[in-house]
Amino acid sequence: MWSPRGCVPVPLHPRVLGVEVASVGAGGGASEGETFRPRPGPAPSPLPGCGQTAEQKLGLPRVKRYATAMRARLQPPLPVPVASGQGRRRFPQALIVGVKKGGTRALLEFLRLHPDVRALGSEPHFFDRCYERGLAWYRSLMPRTLEGQITMEKTPSYFVTREAPRRIHGMSPDTKLIVVVRNPVTRAISDYAQTLSKTPGLPSFHALAFRHGLGPVDTAWSAVRIGLYAQHLDHWLRYFPLSHFLFVSGERLVSDPAGEVGRVQDFLGLKRVVTDKHFYFNATKGFPCLKKAQGGSRPRCLGKSKGRPHPRVPEAVVQRLRDFYRPFNLKFYQMTGQDFGWD
């Protein structure tokens, strides 16, 4: 049986926050009547790309860690849709390319309520880790769509992967790109909280955010580097015009999900079907939930890993990071024409 071992993270140094890999949930993004099975195929390719995380592509250090290696080996095979039913498998016309811990999973689940959106439930990591498997392999992962429906996938690490813009442009220069952004300070803390939940004994946030715990901000740490949105966007604009991007506020996705999802529907050329009536605010988790999830009859919130409590970070540390990010945020506001209100 085919195994995607080449498409999962390799062990990372504890300073490096790994790229999030989501499993396929209920619905999984397949057309009705489809099932998911592993596909037989060649042994995993040893070529660079499949098996490397975005953090490694930034040249960050790594060491062998037994626990992380075991987790990677235990990753389930990436599901591949079996050919059946009506419609065709198409390359995605729109991608959610970032950012990690910004709210990408919530946005994807909200969009999947729309009858004209068919989205892959898993993160294929094609344009960062598995590109050598080829575009035909990538297309085979996609759910079947009818004329007028939009195929989508989301992999947040694309935004910080240097090769991704060129590769996506090679697939289609008309691809629409959605970037969910969030205050980079709270995003970094959320990133750290996720890794801490998987790696007990991780050094403190302060120790990782600053060189030697005392020096300047350590931009080699991926939790910090991901938040340099202006730098990443500058590289993307070499391949795509600004008109191909929609920047979604992670904060407004919580406070006004219908409004932000409405903007996305407009950007995709869709009728505004997903509205206020689809959401309710869950005070316990602290973010909106769906009154009726796709394919279900009961209200549903995102998984337990969403909305996890953040570790306490000293205010002085938070302020230093605010000061560090301020010029990058202002440049990002200027580039996008949007003020996200982080400063």
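Note that Cβ sites are derived from N, Cα and C of the backbone, with glycine treated the same way.
What TrEMBL lists as region 'Disordered' is 27-52.
According to TrEMBL, the feature domain 'Sulfotransferase' maps to 92-326.
Here the Cβ of K101 (active site, for sulfotransferase activity) has 25 other Cβ atoms within 10 Å, regardless of which shown protein chain they belong to. Per TrEMBL, the feature active site, for sulfotransferase activity maps to K101.
Look at TrEMBL and you will find K101, G102, G103, T104, R105, R182, S190, K306, G307, R308, P309, H310 tagged as 3'-phosphoadenylyl sulfate binding site. Sequence-distant neighbours of S190 (3'-phosphoadenylyl sulfate binding site): residues of the same chain at least 6 apart with a C-beta under 8 Å from its C-beta are K101, R182, H310.
The annotation disulfide bond is assigned in TrEMBL to C289-C301. C301 (disulfide bond) falls outside any helix or strand according to DSSP and counts as coil. Counted within 10 Å of its Cβ, the other Cβ atoms near C301 (disulfide bond) come to 18, all protein chains included.
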Query: Taking just the CA atoms, what is the gap between P309 (3'-phosphoadenylyl sulfate binding site) and C301 (disulfide bond) in Å?
result: 16
- prompt: What is the number of other Cβ atoms found within 10 Å of the Cβ of G103 (3'-phosphoadenylyl sulfate binding site)?
  reply: 28
Task: Quick one: give me the count of other CB atoms within 10 A of the CB of C289 (disulfide bond).
output: 21
